[in-house]
């Protein structure tokens, strides 16, 4: 797979392995404090992309959708590298006024958000609570196909205090 700029880009992923590889390429460039928002319809490959990010970050644990627990912490295998906090806010979609930071704090995560990479599924409109900027990755399914179209760009929040 070609080199990708973390700044912005687009790619066609024809197979699941391509989506994992894209996540890995982008994940190699992420740093502690970064927030990544994964958007797209159900079954678009958000969790698959998160698996690729986890591979690049070399974190522990299987990456599965944290829909029912809201967040999972994947600790780093190497000292001096960030953990990955995998968040799925699908359950909060009907509660747009939900205090996401408060919800995450209530989980008593063992990792400080500023010292980890936060990968958030369904986080559009909520990521601004966590960071002044975030990497927005959008996955679209091609109808009647396994093909996905991925686009990404950094987004700055002007409304964040």
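These residue numbers are counts, starting from 1, taken along the chain as shown.
Glycine is no exception: its Cβ is also placed from the backbone N, Cα and C atoms.
Features of the protein shown, as given by Swiss-Prot:
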type	residues	note
BINDING	43, 44, 45, 46, 47, 48	ATP binding site
BINDING	47, 121	Mg(2+) binding site
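The structure, with features from Swiss-Prot marked on it.
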residue: 43; record: ATP binding site; Cβ neighbours (10 Å): 11
residue: 44; record: ATP binding site; Cβ neighbours (10 Å): 20
residue: 45; record: ATP binding site; Cβ neighbours (10 Å): 25
residue: 46; record: ATP binding site; Cβ neighbours (10 Å): 27
residue: 47; record: ATP binding site; Cβ neighbours (10 Å): 20
residue: 48; record: ATP binding site; Cβ neighbours (10 Å): 21
residue: 121; record: Mg(2+) binding site; Cβ neighbours (10 Å): 23
Hey, how far is residue 43 (ATP binding site) from residue 121 (Mg(2+) binding site), Cα to Cα, in Å? 12
Please give me the binding-site residues out of 46, 47, 48 that lie within 10 Å of residue 121 (Mg(2+) binding site), comparing Cα atoms only. 46, 47
DSSP-derived structure type at residue 43 (ATP binding site), helix or strand or else coil: coil
Excluding 43, 44, 45, 46, 47, 48 themselves, the ATP site's Cβ centre has within 8 Å the residues 19, 38, 40, 49, 139, 148
